[in-house]
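As recorded in TrEMBL, the features of this protein are as follows:
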type	residues	note
DOMAIN	5-119	domain 'Tetrahydrofolate dehydrogenase/cyclohydrolase catalytic'
DOMAIN	138-279	domain 'Tetrahydrofolate dehydrogenase/cyclohydrolase NAD(P)-binding'
BINDING	Gly164, Arg165, Ser166, Ile230	NADP(+) binding site
Amino acid sequence: MTTVVDGRALANDLLNALPPRIQSLQAQGVVPALRIIQVGDDPASTLYIRNKERRAAKLGIDVAVIQLPATVSQAELLAKIAALNADPAVHAILVQMPLPGHLDDAAVVAAIDPAKDADGFTPTNAGRLWSGDPGPVPATPAGIMAILQRYKVPLRGARAVMVGRSRIVGRPMAAMLLNADATVTVAHSQTKDLASVTRTADIVIIAVGIPHFLTAAMVKPGAVVIDVGIDRLADGKVTGDVDFAAVAPLTSVITPVPRGVGPLTVAELMIQTVALTESQVRHEPS
Ligand SMILES: Nc1nc2c(c(=O)[nH]1)N[C@@H](CN(C=O)c1ccc(C(=O)N[C@@H](CCC(=O)O)C(=O)O)cc1)CN2
């Protein structure tokens with residue numbers, strides 16, 4: 001029997017825990033404040049940011065999008081981040097990815113104050129994650145961990161294959177699985193005979209951005225399959241990296257696209273924004 005994950009329901013459920021925490025902050029005179037920097041006007045980024053804004057506003061988080069032109073210079077972008085870092089009324093900052101090619105992603109991310117790092121992408125927080133220490137973590141892998149936990153997928157000793165090695169998903173996902181005692185393989189575009197690797201997996205997580213890339217021949221019967229891809233087809237429809245119709249019958253648990261991992265990404269960002277705010281309030285000089 002295959003269980004198809006309901007990402008929207010799980011996201012709503014996780015978000016139900018936030019209002020009392022936000023009210024407790026408000027009682028102390030603090031409203032969690034999230035700032036999202038968008039460079040350019042990529043339509044997919046605009047849509048994802050709108051989802052984040054809507055959720056934040058619904059929860060009573062003070063959210064604002066700082067829109068910069070696609071031609072913004074590295075220095076101008078870094079100056080904007082420095083101003084947000086220095087603003088005590090801002091608790092969480094993120095720069096929507098991808099950035100235009102002339103900008104240095106790594107330097108931009110590294111400029112964010114790790115205490116306000118809503119995405120958990122800064123080198124400091126990535127290092128904490130790989131060391132198994134607490135800190136802000138990237139939202140998509142955090143959402144996937146929430147799915148695995150909610151659907152009671154055993155992780156200790158499980159063979160997990162992460163297909164994709166991005167900073168947003170693949171690398172932090174591998175660290176989280178390792179921290180949960182899974183045996184982790186990271187496969188990528190240079191991996192030889194990928195199917196022979198994915199077929200060994202109890203859990204396959206895929207984030208490659210190629211529609212229907214993971215086929216039935218690449219999956220072991222009974223495996224858990226998590227699809228992070230949000231791929232736009234020529235007709236405008238959204239699909240995933242997994243050939244869902246062919247793969248789903250083989251699996252024990254599978255995420256659909258849309259309404260699988262995506263809503264969890266947004267939910268985990270909200271959770272992180274509140275956690276960063278709480279941590280800053282705790283560390284404020286009294
Ligand atoms: N700074 C960041 N940039 C990007 C991140 C990130 O975590 N931080 N992740 C992705 C995009 N992303 C978040 O920003 C994101 C992706 C998907 C969704 C979502 O709600 N998906 C819906 C479907 C939406 C659609 O129809 O296209 C779903 O899956 O149901 C939200 C956020 C890259 N950049």
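Just so it is clear, glycine is given a Cβ too, placed from its N, Cα and C backbone atoms.
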Distant-in-sequence Cβ neighbours of Ile230 (NADP(+) binding site), under 8 Å, six or more positions away: Ala44, Val238, Gly240, Val257, Pro258, Gly262
Chain-internal residues near Gly164 (NADP(+) binding site), provided their CB is under 8 angstroms and they sit 6+ positions away: Gly170, Ala187, His188, Ile205, Ile206, Ala207, Val208, Val228
Residue counts (helix, strand, coil, in that order) that DSSP gives for the domain 'Tetrahydrofolate dehydrogenase/cyclohydrolase NAD(P)-binding' (138-279): 56 helix, 26 strand, 60 coil
Cα-Cα distance, maximum over Gly164, Arg165, Ser166, Ile230, record's NADP(+) binders, Å: 16
Annotated binding-site residues Gly164, Arg165, Ser166, Ile230, filtered by Cβ under 6 Å to ligand 1: Ile230
Other CB atoms, at most 10 A from the CB of Arg165 (NADP(+) binding site): 18
Other C-beta atoms that fall within 10 angstroms of the C-beta of Ser166 (NADP(+) binding site): 18
Within the domain 'Tetrahydrofolate dehydrogenase/cyclohydrolase catalytic' (5-119), residues counted as helix, strand or coil by DSSP: 58 helix, 19 strand, 38 coil
The domain 'Tetrahydrofolate dehydrogenase/cyclohydrolase NAD(P)-binding' (138-279) [mean pLDDT, rounded to integer]: 97
